[in-house]
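One structure, as structure tokens, below. Some questions next.
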Amino acid sequence: MSCGIHYLASVFMAVTPNFVCGFPGNVSSVLFHNSSASSIEDIWTLWTSTENYIVVQLENGEIWELDQCSRSKREVSLDLTYEYKGNKSVFPCSDGFLYDDTKWKSTVVTQWDLVCDREWLAKLIQPMFMLGVLIGAVIFGDIADRLGRQRVIWFTSAGQFVFGIAVAFTFHYYSFVIVRFLLAMVSSGYLVVAFVYVTEFVGIKARTWASMHVHAFFAMGIMIVALVGFLVRTWWVYQIFLSIATLPFVLCCWMLPETPFWLLSEERYEDAQKVIDTMARWNKVSTPCKVSELCSVQRDDLASDRTGDDETSSAKKHNILDLFCNWQIARRTITVWLIWFTGSLGYYVFSLSSVSLGGNEYLNLFLIGAVELPCYIIACVAMDRLGRRNTLIPFLILSALICVLIMFIPQDFNTLIILANMAGKFSIGVAFGLIYLYTAELYPTIVRSLAVGSGSMMCRVGSVVAPFCVYLRSVWIFMPLLLVGIMALLSGILTIMLPETLGKPLTNTLVEATEMGRNKKSCSEKTPPAHSGTALEKIEMFGQERVRTDK
């Protein structure tokens, strides 16, 4: 939920309201087309286009025409009329700008005048945040595989709150962007590692629903942004309220134990046993699982076997190259990355197209978050009944077909076009939500966070590319949909080659992950032996048997 809040916070924080150049002096009267008023604030309700301008008469008799990025002084000041054909002197906006504050009292744009020749700074805010998300996903995914899930979750959760509050007190644009960049890094790391944490802590029976809850609460975070944006109209107060909403998650992190999967992969058997015993007490299991009984090789045997290069290899630090250790894993990685990219690209292209809905922008954002909830319910039911792969393939292909369908809908049928766009977003949303869990199940414990993190990186690349994809409408109105359709169709075809993971225990080594793809070839001689993964499989199966016995 906290990640959904921070990811979408800039939707209202960086709003650019209607504005015109400031004027030098006190105003006696204002004219806009055929309407006159005593102040410019009364004119904003009539403002319909950026090409409009406002005519003001000052107390000294001067008449000025105020455009958005320039102002003109009429040389001959006669009657106050809107149309003027005489000579005018053009001046820059040296007296600042006047902003429409009927909706927002203050935004980042109005705070630092990010308009006209500084407009590119406003457009840079969200791409810089996404860049931080991209980098944070990889960095913290790798750190979580090395130092553990619990430490990274605590650090990134605390970082979200600290940097979130700090953003509100950065009264300078560049410090604002830097702090937001750091906030993006920890938010991305928190989302990736928290998802892996949930996946590793929940057994086969409930893993699908538990993982989808992560996406559902992310969508609820989006709905909270819409609610807070409607109630609070000053950007820095709005940011503080959103950050305070994440505080309960920080206070809960200290209670989280490390996952037994990661502890066993690090050969910390005693710590893993303590966590498993705690789980047994909470689940009222009379005969708890014993790690020593499940591990086929004791630590003494392992120590005697490790000499010379073997000792060095056992301590091998895994990196992103391990996701390409052989053709089987490399093909899996390329396919998964393509699905992540396509899901993000399609999601944002369909979202940008839904702007034509009109109406209240706060309600629209609220509904954008709410429409994701049924996506995840359908995804959960289908994943548990049909399997991960058999659910992902039809929804990716369906997204491609919807993109083609929209191209044949006449442009006059606005309602039908909107419904088709929502259907496209719905179908790509199912695929987008599914790939998180599918990725976590396709890779072993030693590189699982790294795999999800690298996938999230490709997701962020897709979200950065999406706005540029929409700009291609100027080339051909259906070009964005054509690109999304091609990517979705290609992803759906390549997904056929992925192994099914429904009902299978999580793997612990690259050897086991490769075998899941029916390829017995070892990834690397440096890969730890597969016995630890077998023990993990037995632990997970043991837990399932205990649930059935208790029932």
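Each Cβ is built from the backbone N, Cα and C atoms, and glycine gets one as well.
Under the heading domain 'Major facilitator superfamily (MFS) profile', TrEMBL lists 45-503. The annotation transmembrane segment is assigned in TrEMBL to 120-140, 152-171, 177-198, 210-230, 236-256, 334-350, 362-383, 392-410, 416-438, 450-470, 476-498.
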Do we see three or more Cβ pairs under 8 Å linking the transmembrane segment (362-383) and the transmembrane segment (416-438), pairs being at least 6 apart in sequence?
yes
Report yes or no: does the transmembrane segment (334-350) come within contact of the transmembrane segment (152-171), defined as 3 or more CB pairs under 8 Å with a sequence separation of 6 or more?
no
Quick one: find which recorded stretch in 152-171, 177-198, 236-256, 392-410, 476-498 has the most Cβ pairs under 8 Å with the transmembrane segment (120-140).
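Most Cβ pairs under 8 Å with the transmembrane segment (120-140) come from 177-198.
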Assess whether the transmembrane segment (236-256) lies in contact with the transmembrane segment (450-470), where contact requires at least three Cβ pairs under 8 Å among residues 6 or more apart in sequence.
no
Do you know the mean pLDDT across the domain 'Major facilitator superfamily (MFS) profile' (45-503)?
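Residues in the domain 'Major facilitator superfamily (MFS) profile' (45-503) carry a mean pLDDT of 80 in this prediction.
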Mind checking which residues reach the transmembrane segment (392-410)? Cβ under 8 Å, same chain, six or more beyond either end.
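Residues packing against the transmembrane segment (392-410) from afar: 339, 342, 346, 416-417, 420-421, 423-424, 427-428, 430-431, 434-435, 438, 478, 481-482, 484-486, 488-489, 491-492, 495-496.
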Mind checking which residues reach the transmembrane segment (450-470)? Cβ under 8 Å, same chain, six or more beyond either end.
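Residues packing against the transmembrane segment (450-470) from afar: 127, 130-131, 133-135, 137-142, 144-145, 188-189, 191-192, 195-196, 318-320, 322-323, 333, 336-338, 340-345, 347-349, 352-353, 435-436, 439-440, 442-443, 479-480, 483-484.
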By Cβ distance under 8 Å, which residues at least 6 away from the ends of the transmembrane segment (210-230) in the same chain are close to it?
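Beyond its ends, the transmembrane segment (210-230) has Cβ neighbours at 1-9, 11-12, 191, 194-195, 198-199, 202, 238, 241-242, 245, 362-363, 365-366, 368-370, 372-373, 376-377, 379-380, 433, 436-437, 440.
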